[in-house]
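Asker: This is the structure I have questions about; it appears just below.
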Amino acid sequence: MKDHEQIIITLLAKIAELEKIVEQQAARIAELEKRLNKNSSNSSKPPSSDGLGKLPHTTSLRENGKRNSGGQKGHKGETLKQIKSPDIVKNHVLLTCPDCYGSLVSTPVIGIVKRQVFDIPLPKIEVTEHQAEVKYCECCNKTITAAFPAGVLAPVQYGEVIRSWSVYYQYQHFIPEDRLQQLFYDLYGIQLATATRTGYNRIAFDTLASFEESVLSAVKTAAVKNLDETGFRVAGKTQWLHVASTKTATYYHISPK
């Protein structure tokens, strides 16, 4: 066998070996890509394995509605109606005739046309001062101060209504803390410090402790429940919001896993 024939045979063998390696690598790459493309929407993997990357939204299969937007035929609308006892009554007197400019000062009123405007009062801070009497008891030989109402604990403080609105705005309507602070300043001219709002949230949390236990118990004992989780950042670290719900109760829990 000549040298060039031997070279050709060697090269063909090498090519066959390389083709086999390429096939093996292609199969391996395909397997790895398949693993990488798996997520909670196309496999049995939990949502927590998806990380914080956003998955593409599935196109809705629902057909477009046939109804036009707005009120539907036969629907009973909510019509604003006048009330018998308005909070404020403003009388508009008629002193002169708008046509002949004659005086109507002494002319008797023969009727009244009423129009009512429903509106929200301008926001205004109301300051209530509590004054507790101080007296000297000769029997006890000491000075006694009258008791303040429950919740009145400091010489100056915000009241329960502000505390309630703060918690309501933040957790029912998801208003961020900086915007919540701006809201109270714009409407009422007050600066609610972060520590103050945190204290309000803690009071609400402690008050709802028994309710939380009842919700957790209802979810645990339910025969059928829905479970889900989603990731988000807390102080720069990944946390997971777990939710368990039934037809009548929903329980949330945050944990690192």
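Cβ atoms are placed via backbone N, Cα and C, with glycine included.
Residues annotated as domain 'DUF6444' in TrEMBL: 13-79. Per TrEMBL, region 'Disordered' is recorded for 36-81. According to TrEMBL, the compositional bias 'Low complexity' annotation covers 38-49. Annotation source TrEMBL lists compositional bias 'Polar residues' at 57-70. Per TrEMBL, the feature domain 'Transposase IS66 zinc-finger binding' maps to 96-140. According to TrEMBL, the domain 'Transposase IS66 central' annotation covers 157-256.
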Asker: For the domain 'Transposase IS66 zinc-finger binding' (96-140), find every same-chain residue at least 6 residues outside the stretch whose CB is under 8 Å from a CB in it, and list them.
Answerer: 80, 82-83, 86, 146-149, 152, 159, 187-190
Asker: Of the residues in the domain 'Transposase IS66 central' (157-256), how many are helix, strand and coil by DSSP?
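Answerer: Grouping H, G, I as helix and E, B as strand yields 52 helix, 24 strand, 24 coil.
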Asker: Using DSSP, tally how many residues of the domain 'Transposase IS66 zinc-finger binding' (96-140) sit in helix, strand and coil.
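Answerer: Going through the domain 'Transposase IS66 zinc-finger binding' (96-140) residue by residue, I get 0 helix, 6 strand, 39 coil.
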Asker: For the domain 'Transposase IS66 central' (157-256), report the average pLDDT of the model, please.
Answerer: 93
